[in-house]
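**Student:** The following feature annotations were taken from TrEMBL:
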| type | residues | note |
| --- | --- | --- |
| DOMAIN | 152-187 | domain 'EF-hand' |
| REPEAT | 433-458 | repeat 'WD' |
| REPEAT | 469-510 | repeat 'WD' |
| REPEAT | 565-606 | repeat 'WD' |
| REPEAT | 609-650 | repeat 'WD' |
| REPEAT | 702-742 | repeat 'WD' |
| REGION | 754-791 | region 'Disordered' |
| REPEAT | 898-941 | repeat 'WD' |
| REGION | 959-1043 | region 'Disordered' |
| COMPBIAS | 976-985 | compositional bias 'Low complexity' |
| COMPBIAS | 998-1014 | compositional bias 'Basic and acidic residues' |
| COMPBIAS | 1025-1043 | compositional bias 'Basic and acidic residues' |
| REGION | 1137-1195 | region 'Disordered' |
Amino acid sequence: MASVTLDRRFSVLPPIKKEESMDVNSNMMNNGENYHRTENSESVRKLSQENGISRSVNLDIPEQPFSSILKKTRQFQEFDSFDKEENLRLEEEIKLHHLEKLMNRFHKHKPEAILLQAGTGFFPAKTLPRTPGCMNLAEFKQTISDVLVTDEYDDYLEKLFMKLDSSGSGYVDWNEFCTYLLLLYRENDYMRTKREIPFLVEPKIRHIVQNRQEQTTKIVAVDGPTRYVTISREGAISVWYPSMQYDKYYIISDDEVDTSQKRRFKMWVTDAIYMPNCHKIAIASTSRDIRFFDTSTAQYFEEWHLFALPDVPYCFDYYYDKRNPNSESLLIFGNDTGDINILRFYKPVTQLFNVPFKNEGGAHKIFMQNLHEHSKYIGHTVLPAVHPELIRQVQFVPDNDMIISSCASPVKSIVISVTSLKKVYVFKIDKGVECFDFSKKLNILVTGSLDHNIRLWNPYVTFKPMAVLEGHGTGVIGVKIHEGLMQVFSYSKEAVVKVWDIKEHALLQTVILKFPSSIHGRMPEHGQFPIHLQPSPQSSLLVTCNDYIGLLKLGRTSIPHSDTVNTHDTQLCCAIYNPMFKQVATGCDSSVIALWDIETGNKSVVLSNAHMEEEITCMTFDSSYRRLLSGARNGTIKVWNFQNGHNLHKLEAVAEAEVTGIMPLLDKKIILAVGWSRQITLYEDSDPDSMYVHAQQTWKGGQLHKDDILTIDFCPPNLLCTASFDGEIIIWDVETEKVFNRLRKGAASNLKKKIEDMSSVTEKSTESDRPKSMNSRPNSRHQKSHKLEKGQTAPVDKVLFLKGRATGRNMEVSSLVTSEGGYIRFWCLYGARNEMGYFYAPDQPDESILGMCTNQNNSLLVTGDTTGHIKVWDILSYCIRFQDKGRIKSKPLLEAHWRAHDSAIVSVEFAKHDTGDYIISASTDKTARLWTLREGQYIGTFGQKRSWNLKEPTTWAHPRTPWTLNVDSSKKDTDSSTTVSDSKSQLTDGADLDLQPEGDKLHGNQPEKTRIKSPDLVLPPVETKTVETTDEKPTKTSKREPRELRPVDKTFLGIRVEKELLRKQKDRKERRENFGDITLKKTQQYGKLCSPFQALSVPTVVDIKIPNNMPLSSRMISKGYTSQNLTEDMVMNMDFSYGGRDSPQGGDQVGEPVAPKKVVPGSKAGSREKESRSSMRSTPRVFAAPTLKKHHTVA
């Protein structure tokens, strides 16, 4: 189902499903998933619940729905009139007592019967009774005027009545009026708090089998490459790929073997943290110890073990200087007695502790009481009695050496210790604090408690929070601040994630994670730290519940700050005009349809996901202008109610092929559709209640087109024109469904290409029974180049009937215009001679005309080419009679010419308004713009922030152009952009989220300096004389004005492929920015480790030959090898391994005793890694001979 969004300045009803009732509290942006929900404001609840209005769309209103409210809060006068304001509509001025009066008027309305035939002395009058409560236009206007005590809204009431009368019956009842207002008010509240919803896809949930039904204590993310590591309460370490695919696991265990009979308590992991500069994971446990695991290699191993701490370390935080990784780093941890300990590592990259290298395997053990012996590398500081009980969480802020800690005590819930100022801030909360997060950039502290509330604090104001966010049903156990989106993510015990807007303090989204342990109303168990926010490029939120892990992928990770005005986020397919409602409809490749008010340029309705993410390829209105028809690239066609966005019909797709034209014939009650299926398909349009309409391939004239049909047009009363990619143009008689005239036959197809197409179709038909995909080539608007191959016939991109000429009596006048590879051709439909004249419209060679339209009397022809230029031609006297010499080859008079867009114009639409004649243009540069017809004055772009008024030219953008507007805004924002760049460089070390805007660098737009140098920014109206031209296109050597190169489309495969390419490009750029220039110092900063960058910089490979006097080891001699009989093959097949990691050297001979295997001290590998695990320290590797393969070996 398509999602609908309404702008609060327009009164358009959202879509309503026929079969279902609409919940007032449901989110308008909801696409059907249960996990996406948006809360609504109190005004809607009051109107829908307290007022007694039914929650169903088919409302049954009681007699006095507002009486209870009016008795309590009646603050209005008995007769309340008001004056009409410029910026307020009628619906926004209606008060509760107005609604009560209107309801009574509707219920008491008893209309007179409709007189069909006057009565006589012999026969009574014939009348048709009317339904009580249904008002016509005159009665509706009179009722509204009486209730509001004003006549100033009479003009607007006609438009409002047409919107309410969605069925076109000519009557409106109270249910329709009340439902319209209810949904409108709800949308007003929603639009006021609307923000970017971060989670757009289903969460990924995985089972951590290695946990053995124990909850996960902590999630950490290691880099180089990025892996997610989960640590269970009992010490199971699981490693995951960013795609949530399982990699490996380890088990933490004590190396001491207990031979006594004493009862031993099992160790539980309390917290873990990743130390990025030294590639270590620190894990604390109830055994009063901290284990340091090395993650710099493919196999993780325990390197250090700090034991016998005075108390149990319960929570961690780590800080290091990113500019100098080997400088002093801090490991801060809070313990179970309320103390805060600080371990200072002076050379963390070089070494953590002062312990010499040892031959035996296992971790280095450091006794806490002997920590002073390691003073060269580590220092220890204790902040005693910070909290009266166990510390839940601790965080270090490096800007002013501030340590924030929390506990469950109501006396000292949050303590901020500023060591540089020797100051302490204490926050008191009744039920303590379970979790918190702090942002230095936003200067905000967020806390979560067991009282179900989230509090936003100023870190220096302790007595009162800035805001209290209510909405969770259970205790809050995890909060995270997303600085890029300025949002807060909270996680509660019932496995529910909520998204809050920091500025508005409003709930934006609720995600219910359906873990197996949380279904059926059960309360699941969680670890101490169940939430982790992963920054860009992964941009994910990870949560844990029992032995499950869930990943929520973030959509947009930053708020865009681009000055570029776009109508849609992807390129447009067309823009069409509705003269009845004076609105413009635009469609784009991301399957979004938007409706705009032409008088102001404001958005009124958005149909998101109209065709299930398929590209919209064509749109049109029916002759009543109440229905909108749209076609997609996959062959689907949908019929929409234009007033409220309701999907009326879904038309069956004949093939998985692009729909290029839809023609509704209201008089004949049929809908015709053409496209790349090469067929004319009929759909019955007689049943308004039929949701699914079957396709009928019963066109009596047969399917004569041999190639893709690109365009269609209808000329009343019964002429239909279709044209295809091979240049064929056919005129049909709709009454007989036969060929009226075949203006041109299609070019003969290439036999080889035809055989290949048939073979591909055969293969696809054997694979599946679904409709065959025929989208084998790019759409015309997606093509990078419009240059025709040698011998190729120009495709017919557009056909246009000159209806004013066709209805005349002159049979020898041109009444059809076609666009073919940039040439505009005029055709006469009668007689033996059909083509009357042609001319080449674009200024540059090898371009095309994709958009054409005319004014009402066909005196002006408007063309839009693939270079982004619009031309207005005077064709009043062009091709109105045949010439004896042959075809007319001269150009008509050029009335106006201007540059309108950066790339190809896909459609131009004539709009007749009370204030004048206008042109609506749509382009692949993601914009739709409004221009005056004859002068080409730029009025504005649909989607810009500033509204225009067609009645006041001072509100137009003219004399400025889209490019000069961008240049002005860029000059104004020079200082602000510098400030933003400086602020980015001053971010705290922890603020590594993606804060960069996505503007032009993602879309590949030209820089503004290039645009301002373009010589054809604005071209005044030019009058040109008729010039004789030839049938050949202008040569490339012809002198022409320089112009700005239009941006090349990234791909013709669709928006999803383009988004994937943009994502990969952005990830590569971020990796380069994070790593910087690749040097040998960077690749070897952690010792002699083989890195991909070092492997790429190996010297030239040469063959290595075995010397005759090569020395042999004792093992080689014992196996019978000598210097004379040693060959390269023997060395390559030689086994130099010593067996297991604990087996002695030379112990691989047959019959020798093998020592029993030991338990790995400090860690046990999983079953999948047991065979390949080897100690990094216990057994040195021996290389007996050089490798003979042709590659360079790096130690």
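Note that the numbers count up from 1, one per residue, in the order the chain is shown.
Cβ coordinates are placed from backbone N, Cα and C, and glycine is handled just like the others.
Curation plays no part in TrEMBL annotations; they are all automatic predictions.
On this model, are these features tucked inside or out on the surface, and what's nearby?
**Tutor:** According to DSSP, the domain 'EF-hand' (152-187) comprises 25 helix, 1 strand, 10 coil.
Confidence for the repeat 'WD' (433-458), expressed as mean pLDDT, is 94.
Sequence-distant contacts of the repeat 'WD' (565-606) (same chain, at least 6 residues past either end, Cβ-Cβ under 8 Å): 2-7, 9-10, 12, 14, 159, 162-163, 612-621, 625-626, 628, 630, 632, 640, 642-643, 645, 781, 903, 906-907, 909-913, 918, 920-928, 930, 939-945, 947-951, 962, 1049, 1054-1055, 1058.
Look at the repeat 'WD' (609-650): DSSP puts its residues at 0 helix, 21 strand, 21 coil.
Residues in the repeat 'WD' (702-742) partition by DSSP class (helix H, G, I; strand E, B; coil) as 0 helix, 23 strand, 18 coil.
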**Student:** In the same chain, which residue numbers or ranges, 6 or more beyond the ends of the repeat 'WD' (433-458), come under 8 angstroms Cβ to Cβ?
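**Tutor:** For the repeat 'WD' (433-458), the nonlocal Cβ contacts are 392-393, 395, 397, 399, 404, 406-408, 413-414, 427, 465-470, 472-481, 483, 486, 488, 490, 492, 500, 502, 505, 531, 987-988, 990-991.
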